Amino acid sequence: MLCGIDEAGRGPLAGPVTAAAVILPSSFDFSILKDSKKLTEKKREEVRKTIYADPNVIWAIGWASNYEIDEINILQATFLAMERAYEGLYLKLQEFCKLNNDKFIEPDIIVDGNFIPNIKNCSSIKALVKADDSVYEVMAASILAKTARDRMMIRYSWIYPEYGYEKHKGYGTKKHIEAIRFNGYSPIQRRSFFVKNL
C-alpha cells in the first residue's frame with residue numbers, strides 16, 4: 001500500500017503551507033492524474049472532485065499557518081503540514097479497514113522532493129525528486145494540496161479584499177507587492193519572507 005505526500009504554497013508571501021496525503025485504489029482512473037502544475041485551475045478542480053467522490057480513495061489535508069512558518073521556518077512548517085496530513089490519513093485508513101473488515105497495514109510513503117519529514121507509523125518512507133510527475137499517489141496529493149490552498153486563499157480574499165488573494169493566491173506578484181506597499185501587512189502575511197523594494 002502506497003501513500004503519496006506533496007505540498008503547495010512554500011513560495012508565497014502570504015497564507016499557509018498546505019500538504020496532502022493520498023492512497024489510491026487500483027480501480028482509480030489514473031489517466032486523469034498529472035502534476036498539479038501541469039493542469040489548468042479548472043482541470044485541477046475537476047480532478048479534485050473526482051478524487052473526493054471516490055469512496056475508496058483515502059486522503060487528508062494538513063496545514064501550517066503563516067505564524068508557524070515565521071516561527072519555525074518554511075521547511076520545518078512544510079514538514080509539519082505533511083505530518084498533520086499523514087496523521088489525518090492514518091486515522092482514516094484505520095477506520096476504512098475496520099469498516100471493510102480489511103487487515104490494517106501501515107503504508108509505504110513517497111514524499112515529493114529531497115527531504116523526509118519526521119513521520120511515524122509507516123512501513124517505510126522515502127523522498128523522490130519529481131515524484132509529482134512520476135508517482136500517481138503523489139500527483140493526486142499535489143492536486144489536493146494545491147486546490148485546498150487555492151480555495152483557502154479565495155476565502156481569505158473575502159476577509160481582505162484589498163490584497164487580491166483570489167488572483168495571485170499570496171504569491172509575490174507585482175499587484176500583491178503593490179497591495180502590501182499601500183495597505184501594509186495583512187494578518188496572514190509571512191513576516192519572515194523578504195520582499196524586495198517593499
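Cβ from N, Cα, C; glycine included.
The domain 'RNase H type-2' annotation in Swiss-Prot covers 1-198.
The feature divalent metal cation binding site is assigned by Swiss-Prot to ASP6, GLU7, ASP112. Here the Cβ of ASP6 (divalent metal cation binding site) has 30 other Cβ atoms within 10 Å, regardless of which shown protein chain they belong to.
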Determine the Cβ neighbour count for GLU7 (divalent metal cation binding site): the number of other Cβ atoms within 10 Å of its Cβ.
28
Which same-chain residues, if any, lie at least 6 apart from ASP112 (divalent metal cation binding site) yet have Cβ under 8 Å of it:
GLY4, ILE5, ASP6, GLU7, ALA127, LEU128, VAL129, LYS130, ALA131, ASP132, VAL138, ALA141, SER142
